[in-house]
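A.B. asks: These came from TrEMBL, pasted as-is:
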type: SIGNAL; residues: 1-27; note: signal peptide
type: DOMAIN; residues: 30-117; note: domain 'Ig-like'
type: DOMAIN; residues: 128-218; note: domain 'Ig-like'
type: DOMAIN; residues: 248-336; note: domain 'Ig-like'
type: DOMAIN; residues: 341-429; note: domain 'Ig-like'
type: DOMAIN; residues: 435-522; note: domain 'Ig-like'
type: DOMAIN; residues: 526-613; note: domain 'Ig-like'
type: DOMAIN; residues: 630-725; note: domain 'Fibronectin type-III'
type: DOMAIN; residues: 727-824; note: domain 'Fibronectin type-III'
type: DOMAIN; residues: 829-931; note: domain 'Fibronectin type-III'
type: DOMAIN; residues: 935-1031; note: domain 'Fibronectin type-III'
type: TRANSMEM; residues: 1128-1149; note: transmembrane segment
type: REGION; residues: 1180-1266; note: region 'Disordered'
type: COMPBIAS; residues: 1239-1250; note: compositional bias 'Basic and acidic residues'
type: COMPBIAS; residues: 1257-1266; note: compositional bias 'Polar residues'
Amino acid sequence: FECDLKWTLASCMQCFFLCFLFSCLLPQPPTLTHQSPKDYIIDPRENIIIHCEAKGKPHPSFSWTRNGTHFDIDQDPNVNMRPHSGTMVVDISREKVEHYEGVYQCTARNKHGTAVSNNIVVRQSRSPLWSKERIKPIVVQEGVSLVLPCRPPAGLPPPIIFWMDNNFQRLPQSSRVSQSLNGDLYFSNVLREDSRNDYICYARFPHTQTIQQKQPITVKVLNLDAINDTMAAFYNDTDLFSVDERRPTFLTPSGPSSSKMVLRGQVLEMECIAEGLPTPEISWTKISGDLPAKRTAFLHYQKTLRIVNVSESDAGDYRCTARNRHGFVHHTIHVTVKAAPYWISGAPKNLVLAPGENGVLTCRASGTPKPSITWAMNGIPIENSPKDFSRKVEDDTVIFTDVQVGSSAVYQCNVSNDYGYLLSNAFVNVLSEPPRVLTPAHKVYQVIRNHQALIDCTSFGSPIPKITWFKDSRASTLDGDPYILHDNGTLEIHVAQMHNSGKYTCVARNTLGISENHVYLEVKEPTRILKQPEYKIVQRGRSVVFECKVKHDPSLIPTMTWLKDDGELPDDERLIVDSDSLTITDVTENDAGVYTCIMNTTLDHDSASAELTVVEATPTPAVLYEQPDPPTDLELTDQKKRSVQITWTPGDEHNSPIQKFLIQYEDSLHHRGHWHNLTEVPGTKTTAHLKLSPYAQYTFRVMALNAVGYSRPSFPSRVYKTEPAAPDENPTGVQGFGTEHNNLVISWKPLSGLQSNGPGLHYRVMWRQKFLDSEWTSVTVANNSKFVVSGTPTFVPYELKVQAVNDYGAGPEPVIAHGYSGEDLPVAAPENVQAMILNSTLAEVHWDPVPAKLIRGHLKGYKVYYWRERSLHKHNPHHVEKQILTFSGNHTRGMLPGLHAFSLYSFNVRVYNGKGEGPASPTQKFETPEGVPSAPSSLVITNSNLDSLTLEWNPPHDRNGRLTGYTLKYQPVNNSNELGPVEELALPANETSVTLLNLKYSTRYKFYLNAKTVRGAGPAISQEAVTIMDEGKSLNAEHDLHSMHLFARLNVPLFMNIPSADEGEEWEKEHVNGSQNYLMTGLKAGLSYKVRVVAKGHADQPPHHSKEILVSVPAVASRQVDIATQGWFIGLMCAIALLILILLIICFIQRNKGGKYPVKEKEDAHTDPEFQPMKEEDCTFGEYSDNEDHKPLKGSRTPSNGTVKRDDSDDSLVDYGEGGDGQFNEDGSFIGQYSGKSASRDTAEGHESSEAPSPINAMNSLNSFV
């Protein structure tokens, strides 16, 4: 879920709740969350772990295939799956890794669908040894080229190659000596210093982090000078051997050209290594274009060209050139870019649909060559899956129409070509969920006035809920200025004001229900510093006070913070911070700096700064700092047509250096009395060169600025008039449009007086039809910013130009603008209009577009007029109200939502442009199928008796089809509003009443009644009633001895008279305000009352009252109460049980106090000690009687040394202790007697315990009976 707006803590909580809702509460097909890579190279020294994690509701189960067949994990002792996961772990300690190499695929399934993983190819990494070889020394002549082969063993993955010597130092490389991409070492020409015997090629295998080395190679370079010296005596000092320089040739690649193929997104590496003397230099070019600068790198001394993230545009011919002073050589590499499949607009997205909705799964991918696309459902090819008429497959798209519950599934899209594949799972989850608002209720939002306010309404539902907002009284929905409703339900107030404070209600509704939430917005006053700290100069040793007075919203708690030079204040007791000031006592030089006060609230802050300057203490008066005096003596020099130089004399600085001068001007010709800023110059200058416009009368003045502020303006200079000239620019904003079908209005933004450059400003307006290559027509327009061309053809494109002209010439050549003459109504209607019925409330209309020449204007869109002719049911009224749906743009289809089911509709389509609508297409008709009916229009309860009542109802107002019957559900409601079991009754369609018998007397019931058609049941209407006696009969109040319910069906002001039945007493009145039921309270038990309902009309009308009902309030409640469910009874039983437990503990303490506890091995009867009878007279168990205190244990003996040793018997005292040695207290009692049995004993005897009886066992035994 993506948020359009800034995340807050509440937003995160809502997102968490939404994730929890999806993962834990709502049904969801499986979704893979983690899987191993497609090419999975494993370390043969470690266990194999193949990941497969998925989520879903219910949690999915997992299975695996290996090499295309089912892999039974339970049959392989070396393989297991992690709990609640599909991740497979293979223990390789007892089996070779090669046994488990292969292609694996994981399947995660639950009852809503099946998701499958990629094919995971598991291979073990290999780092083979170098084949043993004997390498002969290489002897070469100085200056020739040389290649030292590496040829590493083939590993998985391929090894990383590097050359080092015997000391594990990398061999130096240069433009002369370099390593190629295949690992060989190339010498463009060898030198004497290249002689060595330790050229060693190393291969590092990254997966296993092992390094293999090749046998050292010995290279000996012949010294031609020494050979020549040796041979000189024999050949008259002539050099027989010499190093000849030569032009470059390529060592690799060979030939004039080669080719290379690379996959899109990978790294393209091309190399050219040349030999020659002197060492050639390598350069690269792309013959068919430029190299991509940001993705290109040159490596290995320009010998390697690397392009990362290759795209199709990188295909073409590349040329490498090797050059030295003797010549050059070219090699052309033809690069072809292929592409494994890749997503164009992302993998298919999961769909959550409501019953009856439509959706689309899109699997849009590309590749080179073009990939093929196949679909599967729940892992089965879609052509072999069960037929589903709501699903239609069109190449890379699966279209779902009018989905129903039970259509949930996981769809697999497989895109493949010769270079790879993409496999994506996307589920379609059909949910029917009423709206839920996730934003916390009664949340308070606080914002500062004139700031943006964002009020959240995060919701969930299926269908997607529609969000509406109300404020305070809910008089109208909040839409339009100043409110902006975002797609995610958030309400935005761009600039919040105080009157925007209040209670806001967010309502989320869909076809299944409504949910609402109330939040509050509080708009606060901003925090402002009213009195800022001021610049201070203070003598050392004195005190200084910076004031910072603040105004803030009284409901916000402010916090004042002071900073020095943007850091924290020094920890010094001389700095005293008050609520609105900072005092520094005994000022030192270190206190100098910039002090900033910051006032923070929870919503905003404000800050202000001032500088403190510390000076030495002198007896001279304190220096005053003021604004500078205004400059004087303004002079204009170096006067030119469009420039002038101004000079001035600065005024007194008043102890604060002037920072800059501001030059202003007044144009008395065009804008008298208004001064405008012209330019600024540093405070060290007293002259300025001013650029001017022609045809103006300038007056200048200068202002000085220091640290305190601006000076007063100087006296104005003399007037300087500039000469007129032709305009420098033309009007902007030229556009053409028509107000009538036969005109063209050309408008522009006129030039200002200063832009006119001279008198007599007017405009040359030019136009011509586009594409006709005709001559320009022009007119001259003055004192206006538009011109109307009449008699133009309807809606024809024009080229337009507007040029500024004055008495001194024309402006530059104007830029051509474009426009259209006026529009007229379209003359044609859309053709081939037809309707496609999607469901009972939705239709799709198709039409052919109207040709552009018949639209005669800018196409704005199409309008569909449709109206309901009548219902197909004979009882429904006639409807002819027309509705209009507008589809902006060049659409050829449109949806008609919100239709009435089981109805006859008519419609036509019209095209419209900026002028209006065209003629209507021939009227077409279509019929909507049956839908579910609305709720019955009324439900009334009559004839309420002790055990029966009658329900009467009227059929639904919107039947939406032929009614097939009604469903009545009802259930009792107790005094705490808890609902009882539901009873359901099916009723025929022609029934409008039913009498329910055998109901519980004086019981409140809730009834739900809905109607049905062949499409299903509609919403229910509900009503409540209480089984009581009819009027005029005795009525017993059962709900409460002092209250009763009364029902009436009157829609006029009512009074309820409740007198006692005794004669002579007056009637008591209770206002019931027209409700249909009323609860009478305060009745006395054992008395009888007469009750009647009185309808009171106007003052001149007599009241009307119903028949009297005799109400008898019994003295004793007749309802039978289950004593076992009463709180007082449960509490009493718990108290009795606790008392018995305490008595037992006291008995055991008294019995064992100060005595010995001989352990009895087993009872002669071998009975379970937990079931020994307890003697009531002394509160002991039978096995602890005194007459057995001195009996020895059977099968054991007591040595004279006082220790107890284990004999041949299986039971001993050791079994009842924690170790092998028994211990005794000082009085001789065995302290290990009541400890738990040893582990060895548990193992030996299993469940047949012969544990000695103990108080703990006795209590456990008692608890088992309780």
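Yeah, the Cβs are placed from backbone N, Cα and C, and that goes for glycine too.
How about a rundown of where these features are and what they're close to?
C.D. replies: Looking just at the domain 'Ig-like' (128-218), the mean pLDDT is 89.
The domain 'Ig-like' (248-336): residue composition by secondary structure is 6 helix, 54 strand, 29 coil, according to DSSP.
Sorting each residue of the domain 'Fibronectin type-III' (727-824) by its DSSP state yields 0 helix, 47 strand, 51 coil.
In terms of DSSP secondary structure, the domain 'Fibronectin type-III' (829-931) contains 4 helix, 57 strand, 42 coil.
Secondary structure of the domain 'Fibronectin type-III' (935-1031) per DSSP, as helix, strand and coil residue counts: 0 helix, 52 strand, 45 coil.
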A.B. asks: Any chance the domain 'Fibronectin type-III' (829-931) and the domain 'Ig-like' (341-429) are in contact, meaning at least three CB pairs closer than 8 A with a sequence separation of 6+?
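C.D. replies: Judged by the Cβ rule, the two regions touch, with the required three close pairs present.
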A.B. asks: Which of 128-218, 248-336, 341-429, 526-613, 630-725 shares the most C-beta pairs under 8 angstroms with the domain 'Ig-like' (30-117)?
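C.D. replies: Looking at each of 128-218, 248-336, 341-429, 526-613, 630-725 in turn, the most contacts to the domain 'Ig-like' (30-117) are made by 341-429.
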A.B. asks: Could you give the number of helix, strand and coil residues in the domain 'Ig-like' (30-117) as assigned by DSSP?
C.D. replies: 7 helix, 47 strand, 34 coil
A.B. asks: Could you give the number of helix, strand and coil residues in the domain 'Ig-like' (435-522) as assigned by DSSP?
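C.D. replies: Computed counts for the domain 'Ig-like' (435-522) are 3 helix, 48 strand, 37 coil.
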A.B. asks: Count up the helix, strand and coil residues in the domain 'Fibronectin type-III' (630-725) according to DSSP, in that order.
C.D. replies: 0 helix, 45 strand, 51 coil
A.B. asks: For the domain 'Ig-like' (128-218), what does DSSP give as the number of helix, strand and coil residues?
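C.D. replies: Helix/strand/coil tally for the domain 'Ig-like' (128-218): 3 helix, 36 strand, 52 coil.
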